[in-house]
Amino acid sequence: MKIEEISKTSTFAWNNDPLPLLASGTVAGAVDADFSTSSSLEIWDIFSATNSKDPIFSASVDNRFYAIAWSKPSEGRSKGVLAGAFENGTIELWDVQELITSKDLQKASIFKSSAHSGPVKTLQFNPLQEHVLLSGGSNGQIFVWDTKKLSDPVAPGKAMTPMDEISCVSWNNSVSHIFATTGNSGYTSIWDLKSKREVLHLSYSANFSCVAWHPTQSTKLVTATGNDSDALILTWDLKNANAPEKIMRGHKKGILSLDWCKQDPEILISSGKDNATMLWNPIKGEKLGEYPTTANWAFHTRFAPAAPEIFATASFDGKIVIQSLQDTSPPMTSKVTTKNDNDFWNEISTTETQQPVFTVHQAPAWLKRTSSVSFGFGSKLVSISLDSDSHSVVKIQPFVKNGAVSETTSKFSQALKSNDFKDIIEARISDARHSKTDKADWEILSKLSGVGKEGFLKEIVSTEHEQANGKKPDVSSEDGTEPSRKEEGDNDFFEQLGESPIKSIPNFVPEGKFSIDTSDQSEADKTIIKLLLSNKIEDAISACLDQKKLSAALVLALDASPESKAKVRNAYFTNTKGDEIARLIYNASSKNITDIVANADVKSWKEIAAAIAAFSTDESDLSSKITELGDRIVQASENPSTEDRNNAMICYLAGNALEKIASIWLRELPEYEKSLLESPDDDVSTPSDAHFKSLNNFMEKLLAYRSITKANDTLGGPSIEPICNAILEYANLVAGYGQFELADSFLQLLPSDFAGLKTEKDRISRASGTKVQASNTRSTTSKATASRSYGKSPVPGASVPPTLPGNQTFAPAASTPYGGLAGQPAASSVLTPATPSFPSMPQPPQAPVSNRPPIASTPSIYGKPAPVGNPYAPQGATAFNPYKPPAPVAPEPVSAPPPAVSGPPKPAYRQETEGWNDLPDAFKQKTSTRRAAPAAVVSPSLSPALPANNFAPPKRNSAVAGPPPKGSRSSSRTAVPTIPTAASPSASTAQLHSRYAPPQSFNAPTEVSNGSGSPTPSVHAPPKNPYAPAATSSTNLPRNQYAPSVPTPSVQQPQTPKIGHASATPSGPSPNGPPKNPYAPTAQQVSMSPSGMVPPRTGSYGAAPSGVTAPPPPKVGGVLPPPGPVLTQPRSRNASAAAPVELTPPPTKPKYPAGDRSHIPEKSIQIYTSLDSLTQAVKPNVPERFIKHAEDMEKRLNFLYDHLNNDDLLSDDAIAELKKVCSAVEAKDYATATQLNVDFATNHSEQTGKWYPGLKRLISMAEATL
């Protein structure tokens, strides 16, 4: 079968590698189709993995070749020596290794000689002494060369019968000093170098053209005649040199080349003037077959020395054809199957119509076996032997080495079918050979199986809670079953975690007379009395706070405005900054325990878990928070103790964090294998046994956990590869023991596009004789999990790792057998507390939720007021708080009631494309980002709108405009110009540095214009949380700073900002503009999402519970702020527009073309030079499959250079921080560079854009490649 074809009219030589290289040189005496007289020497890698059609070395030479020879590797010549015989009588030697590496013909040249007086027609290296070279040419000249000495050659002696031309030389394969020559004299001479003379010569009726020695017998050789009238192949035994042993006929014209296979004496190949290449059995004297003919003389044919299955034939039709002895190509009839005449001729012209024809079928020696045995897939043993009649007998029988394996897999299979792992769990707990850690895992699984997740979580927190109430924990009922969550009497455990009923206190009624005489009061008290009597409550509160009368201020604030309440609240926390109770009050009053989960001492992890259970809004929220608690336990020390490990495992199991759990189990596999090998267990005698048993233990725990949590879907998520690798390996091992059905059940857990899955399924189906089932598993690249931190995956039993800022991807933290399994730092997250209820107006049903992308909320263009100071904010913090929710924007009045929210919106899932634009997981370790603690929440009020949610997608209602046009998924973000309001031009820096600052809000309207009352409000409770106490009153719930913004009654597409016009709305401007959110998609990004795709959720834990309706519109009124370049506010259709205010546009800076670097200012030039030089250093080292990532990285960095050149994006502070990043990268301090880069994104998010992912990728690639 044809393997390759080289379009060259060249002679050639193979090297001695198992996958051989081939050297070719333009043959002398041939006329090219273009009449070229040039000549070249080339080396080809026929079996290259890249399937390249180009030579690995090529160079022009002055003369053409008659022959080429390639020696075996020798001392100092790792790839041997290449010798060329030129038509001008020159012989030249080259070092092949030097040719390939340096590509320099002159540098690789070892020796060059013109000892021959005429053309050199043939040469060959001694097979037994690789440094000895034999050459022959015109004038009967024969020379022997020593490539070690590189001196003048020696002649073997005088011939008995002189020859005019030597056409072929051949060394004896058994005796190193014997060789044969043949030429135009009609004789074949046998020479002995020791005696330096011709010792024998053979003759026949026709002239000989070539000669070859028997591979193993020193006295036998074969010759061929070049006579066109009588082309013969003759075998000789020199013991009787008078006549040939065998005469073989088949060629129709003279034979030009012979080669006797070194590995099989019964195979000989020949080629000649009849354009044919034939295969012979010279021992039996019979023709075996014929290979496709060429279009001209086939002048040279040779087997590959170390790969005899391969041979090549060179012909004067300009081709070197590489073929295999065996032909496995389909028959001609199957290649051209069309019945149409025209199609037939079209196909036949491009189809290989010639095929080898074998008259005798004979296996080569290397394939012959009198008997053999082999292990078959599925624990089978196949043996082949010969019977008395020399017929092969094949036996296939099962082979079972370890009966314990069969028993183990059988029990595992039964547990899977019945979905009951209790027997396995009990057996593993009672097995004394298991380690304490492993037993602890099985005991936890047993407990989880007995009481379920809720009961399991009760047991975690019940001890601390019930001890505080003088009770003993009661996890299960008398019959051992888990009590229902809603038993009669409202005895649910989590309901009891709420506040106990407050002991009633009689209402205070003032009695008796009192004096308000201020004569004997202090000046401060006098001021307070006067303010109270003047009904100036707000001023009185401020005066009380100034006089440290906190109790009086608190009482006064009860009926004051939300701003006053917030001011008093912050004053309280400021005065009690170091008090732990105050810190807890802060978290409890805000109904947000993010601060507790993130910062409380993990030594009190059970108390933290109890708080998580009490305050979580839903199961997903609870899972994410308790998983984060597990991460903190693991990371509390560099070497976590067994107790810490078990405590973290409890949290992970309670939080459905399958990937976290599996990563711990997989990381412990090597240690478990080691303990098995050291144990006296009779079932474990080899490392292979230990590996299977440890992997089986992992699979049992994994499947038991999935059974307990009722997870029936396939595995999914961006970090499942280590688990999938382990499952695939175990399935392979189980199938190797013949358990095909069990192995296939494991494979059903894997995503359909997982690498190696299709091959393994096909192998199992073939071995079991069943058809491959159509995979119903989802693709890991076509279905994506929700984008959130440590939240519960849509797939039960699998958790999704944290969402990282920007384009940072997930990477393994340490090298393990399955990759990416070492302890990973917990990423920061922002949790979603319970959603408060609020009044709503009657609304018609909402239209069905569309699959189109929701319209992004337009940020306020009027700036934001100064927030109240935060007692817990760190000193020197930046003014920007990425986790602070934006202030609400008051909805505009509408002509008709807006549609009601009929149900929860569909969760937004991003469509994961395993994008080439994402940095691969294996490139870099993941680093956790610091996160801010939650902001305090102001007291509840029936405000017209809730705060916008920075971490949840805006909900879509039926009043929005049509879908946005398709476009790019990412756009460079630019800062939105803001105009400060009259109320907030002097916000202090200290006030802006708040991590825990309460969100800004509107006051509830106190009256309605024209005396028309608003519709009767209906109070809706938030979705029921099975883990939190029931709310006593919906009006007392605090506002939720992380809840999603309520849809406005009418939303229109944001308009393009126009210079000289200010937007106007009937309701007046919003005094509180939302802060910039660096992690939410810009309006442009959302509007340009492809149609039919929902943009990714950006909330840490997804949207807050639905079931709420929009609040009534606020009172119309207010004064427009100073005009400026603004974005058109969304407004209702019947909103009246204010007259535009003309503005003088600011002077524009010159814009330089993309790619120009000549105008980069001095302050920024360091950034450009540093990053550009680093890019050029990284690019050559990037693996081929990541080239696209590198190209995208460079493209994005060019966006940064363009911004630097135009000086139009980065502030001086941002440039200074970027310089620090560059300095850290230059110093190869990649950890510092990464942290500085994250800080840059946090502090200057509005100045990032298309270029920022390029910088992140550059740092990662530099760390991985330099």
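The chain as shown is numbered from 1 upward.
The backbone N, Cα and C atoms fix where each Cβ goes, and this holds for glycine too.
What Swiss-Prot records for this protein:
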| type | residues | note |
| --- | --- | --- |
| REPEAT | 115-155 | repeat 'WD 3' |
| REPEAT | 203-246 | repeat 'WD 5' |
| REPEAT | 293-333 | repeat 'WD 7' |
| COMPBIAS | 463-475 | compositional bias 'Basic and acidic residues' |
| REGION | 463-492 | region 'Disordered' |
| REGION | 760-1157 | region 'Disordered' |
| COMPBIAS | 774-789 | compositional bias 'Low complexity' |
| COMPBIAS | 826-838 | compositional bias 'Polar residues' |
| COMPBIAS | 883-907 | compositional bias 'Pro residues' |
| COMPBIAS | 930-948 | compositional bias 'Low complexity' |
| COMPBIAS | 968-990 | compositional bias 'Low complexity' |
| COMPBIAS | 1000-1017 | compositional bias 'Polar residues' |
| COMPBIAS | 1031-1043 | compositional bias 'Polar residues' |
| COMPBIAS | 1044-1057 | compositional bias 'Low complexity' |
| COMPBIAS | 1068-1078 | compositional bias 'Pro residues' |
| COMPBIAS | 1110-1125 | compositional bias 'Pro residues' |
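Residues 28, 66-67, 69-74, 80-81, 83, 85-91, 93, 162-171, 173, 176, 179, 181, 183, 191, 193, 262 of the same chain sit 6 or more residues outside the repeat 'WD 3' (115-155) yet have a Cβ under 8 Å from a Cβ within it. Helix, strand and coil content of the repeat 'WD 3' (115-155), in residues and according to DSSP, is 0 helix, 19 strand, 22 coil. Helix, strand and coil residue tallies for the repeat 'WD 5' (203-246), in that order: 3 helix, 20 strand, 21 coil [DSSP]. Packing against the repeat 'WD 7' (293-333) from elsewhere in the chain are residues 1-20, 22, 24, 27, 30, 32-33, 46, 256-257, 259, 261-264, 267, 269-277, 279, 351-356, 358, 364, 366: each is 6 or more residues past its ends and has a CB under 8 Å from a CB in it. Counting residues per DSSP class in helix, strand and coil order gives 2 helix, 22 strand, 17 coil for the repeat 'WD 7' (293-333).
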